[in-house]
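Undergrad: Mind having a look at this structure? Questions to follow.
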Amino acid sequence: MLTLGVNIDHVATIRQARRTVEPDPVAAAVLAEIGGADGITVHLREDRRHIQDRDVRILRQTVRTHLNLEMAPTEEMIAIALDIKPDYVTLVPEKRQEVTTEGGIDMLGNFDRFCRVVERLQAANIPVSWFIDADFAQIQAAANTGAKFIELHTGQYAEAQQESDRQALLTILKEGCEYASSLGLRVNAGHGLTYGNVYAVACLPNMEELNIGHTIISRAVLVGLERAVREMKLAMRGQL
């Protein structure tokens, strides 16, 4: 059954805007789980612009579903993951100047190093997922690192303005799902998904989990986090 990982980064974004202690992402995770979240996702960025080390450490103790730690494949972040031991990590690219993650990681440019990263993390029983574009060469490289998962980048699909473009990008995602599954990879997806566009991605073959954040937190400002999560679960089933 398709599951929902709720990304709570933007609860921390609001907190960090005033450098205060509220709202607390840890409390948000509890509410998200009450609302039906199947997992909690946080991105500990190198610049600590939203989620802080403290958040991840407490979430590791309090999350009752599973904790997905998004992070860059750097020595600092690997050390943190090995210490905290999230349920799994999703390795993502980072640029200091970006507002949000702009695309999938390039598996080909640092393939040998990425293989070593996967080996270190999975030797500590931390499954690894790569956040990548739905490109066959990238998917094959991700599989060759020994990772258990990939997360397909849905940003281009989410941002497409024309229906014909959306359908073409959806086809690319579908083919990526099928190819990844044929290689033994488990498939997640995320980035830019909203209540209005999620259903088509939820219907893709062999999809396991969707990681969604901004649209849920935006909705939560108006209706509360529990309801916002429940509504996303409905949207994923085409019932909203």
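Note: Cβ is positioned from N, Cα and C throughout, glycine not excepted.
According to Swiss-Prot, the feature active site, proton acceptor maps to HIS43, GLU70. According to Swiss-Prot, the active site, proton donor annotation covers HIS191, on the basis of sequence analysis. Per Swiss-Prot, 3-amino-2-oxopropyl phosphate binding site is recorded for ASN7, ARG18, GLY192, GLY213, HIS214, and the stated evidence type is sequence analysis. The 1-deoxy-D-xylulose 5-phosphate binding site annotation in Swiss-Prot covers ASP9, HIS10, ARG45, HIS50, THR100, and the record cites sequence analysis as its basis. If you look up Swiss-Prot, you'll see GLU151 marked as site 'Transition state stabilizer'.
Burial and contacts for the listed features, if you can.
TA: Sequence-distant neighbours of GLU70 (active site, proton acceptor) (same chain, 6+ residues apart, CB-CB distance under 8 A): ASN7, THR41, VAL42, HIS43, LEU44, VAL89, THR90, LEU91, VAL92, PHE131. In the three-state DSSP scheme, GLU70 (active site, proton acceptor) falls into the strand class.
Using a 10 Å Cβ-Cβ cutoff, ARG18 (3-amino-2-oxopropyl phosphate binding site) registers 8 neighbours.
Residues near ARG45 (1-deoxy-D-xylulose 5-phosphate binding site) in space but far in sequence (CB under 8 A, at least 6 apart, same chain), listed by position: ILE51, ALA72, GLU94.
The Cβ of GLU151 (site 'Transition state stabilizer') lies under 8 Å from the Cβ of THR90, SER129, TRP130, PHE131, ILE132, VAL187, ASN188, ALA189, GLY190, ASN211, each of these being in the same chain and 6 or more residues away along the sequence. GLU151 (site 'Transition state stabilizer') falls within a strand segment according to DSSP.
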Undergrad: Need the DSSP three-state call for HIS214 (3-amino-2-oxopropyl phosphate binding site) to compare against my parser.
TA: helix
Undergrad: Return the count of C-beta atoms lying within 10 angstroms of the C-beta of HIS50 (1-deoxy-D-xylulose 5-phosphate binding site), excluding that atom itself.
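TA: Step by step: centre on the Cβ of HIS50 (1-deoxy-D-xylulose 5-phosphate binding site), count other Cβ atoms within 10 Å, giving 21.
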Undergrad: How long is the line from the C-alpha of HIS191 (active site, proton donor) to the C-alpha of GLY213 (3-amino-2-oxopropyl phosphate binding site), rounded to the nearest angstrom?
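TA: GLY213 (3-amino-2-oxopropyl phosphate binding site) has its Cα 8 Å from the Cα of HIS191 (active site, proton donor).
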Undergrad: Taking only the residues the record lists as binding 3-amino-2-oxopropyl phosphate, namely ASN7, ARG18, GLY192, GLY213, HIS214, what is the largest Cα to Cα distance between any two of them, in Å to the nearest whole number?
TA: 25
